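Presented below is the structure to which this report refers.
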Amino acid sequence: MFGDNLVVIRVFGTGCQKCQEVYENVKKAVEELGIDAEIIKVTDVDEIANWIYVTPGVAFDDYIIFEGKVPTVEEIKEELKSYLEEKE
């Protein structure tokens, strides 16, 4: 659907319940879209601070997409589709 573009998705969080929920939502969105993605959990506080101010957060490649909220699977899918269309 979106070609062979690998997208690196970073999920930022310190391990809280909301952060885990975001991680699970990202995994489900990637699975439902059938895209090639590497999902990385970023839990190191210093690394998180280099990217965002408020957890949880999500970045596609080097772009912050969500910060300080728990996006739904549908919200993640919509953002991923838009991002991949722009990337092509």
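Glycine too: its Cβ is placed from the backbone N, Cα and C atoms.
Nobody curates TrEMBL annotations by hand; they come from automatic prediction.
Features reported for this protein in TrEMBL:
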type: ACT_SITE; residues: Cys16; note: active site, nucleophile
type: ACT_SITE; residues: Cys19; note: active site, nucleophile
type: DISULFID; residues: Cys16-Cys19; note: disulfide bond
type: DOMAIN; residues: 9-79; note: domain 'Thioredoxin-like fold'
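Under DSSP, residues within the domain 'Thioredoxin-like fold' (9-79) fall into helix, strand and coil as 31 helix, 19 strand, 21 coil. Over the domain 'Thioredoxin-like fold' (9-79), the average per-residue pLDDT in this prediction is 97.
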